[in-house]
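Here's the structure, in structure tokens; my notes come after.
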Amino acid sequence: MNPDASTIAAGAPIEVDLSPIAEGQDIKVFWRGKPIYISHRTKKQIEEARAVNVASLPDPQSDEARVKSGHDQWLVVIGICTHLGCIPIAHEGSYDGFFCPCHGSVYDTSGRIRQGPAPSNLAVPPYQFVSDTKIQIG
Amino acid sequence: MSGPSDYQPSNPALQWIERRLPIFGLIHSSFVAYPTPRNLNYWWTFGAILSFMLGMQILTGVILAMHYTPNADLAFKSVELIVRDVNYGWLLRNMHAVGASMFFVAVYVHMFRGLYYGSYKEPREVLWILGVIIYLLMMATGFMGYVLPWGQMSFWGATVITNLFSAVPYVGESIVTLLWGGYSVGNPTLNRFFSLHYLLPFVIAGVVVLHVWALHVAGQNNPDGVEPKTEKDTVPFTPHATIKDMFGVACFLLLYAWFIFYMPNYLGDADNYIPANPGVTPPHIVPEWYYLPFYAILRSIPDKLAGVIAMFGAIIILCFLPWLDSAKTRSSKYRPLAKQFFWIFVAVCILLGYLGAQPPEGIYVIAGRVLTFCYFAYFLIVLPLLARIEKPRPVPNSISDAVLAKTGSRSTPMVSTAIVLALAGSLFAGSIDSAKASEGSDTPPGNKWSFSGPFGTFDRGALQRGLKVYKEVCSSCHGLSYIAFRNLAEAGGPGYSVAQASAFASEYKVKDGPNDAGDMFERPGRPADYFPSPFPNEQAARAANGGAAPPDLSLITKARSYKRGFPWFIFDVFTQYQEQGPDYVTALLQGYEEKVPEGVTIPEGSYFNRYFPGHAIKMPKPLSDGQVTYDDGSPATVAQYAKDVTTFLMWTAEPHMEARKRLGFQVFVFLIVFAGLMYFTKKKVWAASH
């Protein structure tokens, strides 16, 4: 009952062009049927994400560990709430990050869980920068 | 099933079979001669009701499966086509969907009856545990069945429920992938759920056989909880229990038919009339009502794994009930304290169900935690403790003594009644409070609709005018893709002739092909064609309308609703009020205001609408006075347009509504007569035994 060959093949890596995304904007792309948020973070958002005491977080992880160094403005996360799989809404909630409408989990500008029932941070999918304005997810 | 029978059929052919397979003897000893306690009350008819419902679900389900397509792209449409085009498809679908709810109503009554009368106690532990297994199988079957129509609630319900398994440490993620057959809920998930939804009812039927077998070995419990001792304590199953069960089933059918014919969507969710969309999560994900108490338990625990454990634990704990409650007296009739706590427990379950449907915030979270504690406390603290400290009243020597003495105490459970009232009151206050707090949109005013009520029919004039409004205004952006031109000439519709419908169709250009040269071409519409959509696909619709795709209007009056709140949703069952959708649509069309009230900000490219959730709607004001000319002299005002087009859209959402209500009346006349006949036959049969 595991995924069949065609499902696995359809889950191959995809390339996304980042150049049209202005600062402060984000886009949602689908990979393996999952929504992936790619946010072009503002200076303020990055500072907010780095200002917190990592040890005080429910799922401690530094912002540096969740983005690619040298591309700190780009946050790429799987837009699936780690509680029960709803899609959080970007730019909502009290931490300027994501807010899940189903059971009220709140994520910060680094996609880390800050409030609510979700047990862990929004997952970062495997990806790398092909060029400065293009990433490959998968 | 209670030992070898000495039954011999008189017909030689049956005798021949009986010697080789003693099946008639088995049936005779199990369902004819089988001794049943003579003091059983009507709560005992729910076993027969449940068997009937299982048969009903399997029968309607098998026929529905002949017309259903388990494919993520086609499932939603195939269900709509069943309702619209299959002969009596609307009836089959309503019977099956409402039947699931009724099945759970009956099973909850059956379980609470077992709880109240101590039917789980020695020697009926295995019988009880088999029942819990059936209940678990029913929940799995019901859940997977709810996924099949592939609406928004189907899809997101499936996502939330399958994600519960991701809470399992280490192997959780692999289990979830295994359930999905992919990386998310999708076509493979739908396919396997369909397969399992078809399989599990037969597994249930198998366990039901074991359940009945165990019942016939241990014998039925009864309201007094004393075992039958002599012949005087029992009556033969047929005709006594058979006729009583028939009367019970007939009464239950009245309730069932009430929902099938008059409120088919009351127990469902409006969001499920929106096709599944993996990119948009509905604001409130609510499971079917029968899971709500467990959903409330899940949500009231702030930790994911603990929440999942508590939710499953709430069901599994029932298996241990025979050992948690060690009191010797079975029936709560003779247990003054247990009786009080039982009713409190019933109230706790109902309130948990209510909380499961509320947003997880504020007072609801706290109330959910308190009630979750009460739920578990009943099993883990109250019942074991009562077994030790309670002093039960003396039980009668035998069933016939009990019947003769008619000892049933008439003291009303005062304490629990007071508690229930207090809790209901506080919830009522809470719901008013939250209604005030959620200033997202105004409640649409009620309207008088020609199609409401048990004898409602569509106003033909309004349907024809509404079609005109749709064609001249709405159709430039909104599709009507489930309606074919031929539908315009069908009974219960706008009342056009076949020729008129054909003429109407020929005014449209429909894309067809490919032709012999391999090209697509356009031709005039035929009656069998569907209304063409204004945009080739959703992306085009989105791009042309500033990012918000205009929804298809075929189902809009069923896909939109607003919260009725406590206690209105209870009154609605009796008044058959189910026009939230039309009320909302018509209010929305008239809800535009030039002046944006203070404190509300409307983004660029949006308009203020009083009734739209969040107030900022992308659709510009669609109707203005005098825009559409009416030939029949009706006022050419926005109010009239809104009302007409809403009536028309109610018809597009349910073209067979008039047939449904008409058949409903006939069924009710039949059922009332049938139930009456059963009642008087039952009285006659039982005359000597009371």
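Sequential numbering from 1, following the chain as shown.
Glycine is no exception: its Cβ is also placed from the backbone N, Cα and C atoms.
All TrEMBL annotations are machine predictions without curation.
As written in TrEMBL, here are the features:
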DOMAIN    B:13-224  domain 'Cytochrome b/b6 N-terminal region profile'
TRANSMEM  B:42-69  transmembrane segment
TRANSMEM  B:90-111  transmembrane segment
TRANSMEM  B:126-148  transmembrane segment
TRANSMEM  B:160-183  transmembrane segment
TRANSMEM  B:195-215  transmembrane segment
DOMAIN    B:227-397  domain 'Cytochrome b/b6 C-terminal region profile'
TRANSMEM  B:246-263  transmembrane segment
TRANSMEM  B:305-324  transmembrane segment
TRANSMEM  B:336-357  transmembrane segment
TRANSMEM  B:363-387  transmembrane segment
DOMAIN    B:461-646  domain 'Cytochrome c'
TRANSMEM  B:663-681  transmembrane segment
Contact set, same chain, for the transmembrane segment (B:195-215): CB under 8 Å, 6 or more residues outside the stretch: 1, 30, 47, 51, 54, 57-58, 61, 65, 124, 126-127, 130-131, 133-134, 137-138, 140-141, 144-145, 148
Stretch-level contact, the transmembrane segment (B:336-357) and the transmembrane segment (B:363-387), CB cutoff 8 A, at least 3 pairs: yes
Rounded mean pLDDT for the residues that make up the domain 'Cytochrome c' (B:461-646): 90
Stretch in B:42-69, B:126-148, B:246-263, B:305-324, B:663-681 most in contact with the transmembrane segment (B:90-111), if contact is a CB pair under 8 A: B:42-69
Same-chain residues at least 6 beyond the ends of the transmembrane segment (B:663-681) whose Cβ lies under 8 Å from its Cβ atoms: 91, 243, 246-247, 250-251, 253-254, 257, 260-262, 454-455
